[in-house]
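Enquirer: The structure is given below, and queries will be raised subsequently.
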Amino acid sequence: MSVELWQQCVELLRDELPAQQFNTWIRPLQVEAEGDELRVYAPNRFVLDWVNEKYLGRLLELLGEHGQGMAPALSLLIGSKRSSAPRAAPNAPLAAAASQALSANSVSSVSSSAPAMATPAAAVAVPAPVQNVAAHDEPSRDSFDPMAGASSQQAPARAEQRTVQVEGALKHTSYLNRTFTFENFVEGKSNQLARAAAWQVADNPKHGYNPLFLYGGVGLGKTHLMHAVGNHLLKKNPNAKVVYLHSERFVADMVKALQLNAINEFKRFYRSVDALLIDDIQFFARKERSQEEFFHTFNALLEGGQQVILTSDRYPKEIEGLEERLKSRFGWGLTVAVEPPELETRVAILMKKADQAKVDLPHDAAFFIAQRIRSNVRELEGALKRVIAHSHFMGRDITIELIRESLKDLLALQDKLVSVDNIQRTVAEYYKIKISDLLSKRRSRSVARPRQVAMALSKELTNHSLPEIGDVFGGRDHTTVLHACRKINELKESDADIREDYKNLLRTLTT
């Protein structure tokens, strides 16, 4: 069974899956051929369990279809193809923590020459330990506090500046936003896995996944989760050396250390923390000296059992200008996508924020805002603050009419960006059909289903009435549009393909 066949099938699967699913679960897999057997390596137990439950069946189908009809012999293992000798797999704490949320059954081993797969537990491997890790340097005679220059403007709002005395003259300053906790983080389908992973790391330090890498667009909650982990670690151990910073702060500290001839003190500082939380790691791109120093710091921390949490606006392997050895190491732990919140989660976020602000927000008002502000949580909260301020200054209760007044410029922009014409064009491109097909009388499934999806999106994303939507879809009756919307809502619950299609199109149209 050739590696080339596997790669061919993976490329076919790439076309079937949303990019974030493919990047999170399939791309980290490594493969090597051992005689007639394919050995597929997952970076950790959690990825192994998820791939086995969700994707292995389809992969085997593709291998059979493109392997001259022969059932492939395949083993799914934990580890790396570069590992010389498999070792026993560690426990899977996150799988247990997230089992209720994800309904994923833990798999102790996987092997197959048919769809049902099971591998001897002894054959399951884990990544080899870090080799050739740079030793901790002794501090220089000059005292160097990397975080001393961080001003209040550089720290998050309401952040707590907190110092912990360590060996010698070094001090660790942690700028953690105390308002970012697990308790006030609104969980939904879009962030369920990320939240479970972050909680596992926070509640079981040194026994969770290391590093934890969260990626996704701006304003989706990555930084909130990172601060929540730090706050929980300090709650459990007030003397813990937890350092949060933006990647640019790390670069600035290194430059300062070089200028002061205090690079050894810099190394000692960052390699003696209990947890290092770095935001927006993509800013390391094309900064070779910074990447070199972070590479050795990262190795030293993992070798010492200290926790590392990183965030980025994209999947780590897609960060251009980042060294391959760093990308590889980021995959040693767990990499999780944080996606834009779905409608129900957006409503829940608004209701929770209103409750925290002690403001009466009617559910229909929250629903109205959530329907129109879809890109990220930050914009959602900003819109709510404008509405609350408008309500306060005008001395009026929050109603849909007041929301229209306070957000009129934002709503006008949204209406301009999301039109029925744009929806039709986007849906036609997605399903590889013509716009004229959507407007035609054709009833074949390949055309009717995309047409129903486009109608449902038009109802959700625009302010047009059902008759108006029907009119721009070839003069159809409003009852046809209503049926299409109900049908798509039903299919979103029962058909995973339609659910993913709708989510992808919604993301494309609103970001």
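Using the three backbone atoms N, Cα and C, a Cβ is placed for every residue, glycine included.
The region 'Domain I, interacts with DnaA modulators' annotation in Swiss-Prot covers 1-90 and is backed by sequence analysis. The region 'Domain II' annotation in Swiss-Prot covers 91-174 and rests on sequence analysis. Taken from Swiss-Prot, the feature region 'Disordered' applies to 133-162. Residues annotated as compositional bias 'Basic and acidic residues' in Swiss-Prot: 135-144. The region 'Domain III, AAA+ region' annotation in Swiss-Prot covers 175-391. What Swiss-Prot lists as ATP binding site is Gly219, Gly221, Lys222, Thr223. Here Swiss-Prot flags 392-511 as region 'Domain IV, binds dsDNA', drawing on sequence analysis.
Describe the structural surroundings of these features, if you would.
Expert: Around Gly221 (ATP binding site), a 10 Å sphere centred on its CB holds 28 further CB atoms from the protein chains shown.
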Enquirer: Check the region 'Domain II' (91-174) for me and report the mean pLDDT.
Expert: 39
Enquirer: State the three-class DSSP label for Lys222 (ATP binding site), counting H, G and I as helix, E and B as strand, and everything else as coil.
Expert: helix
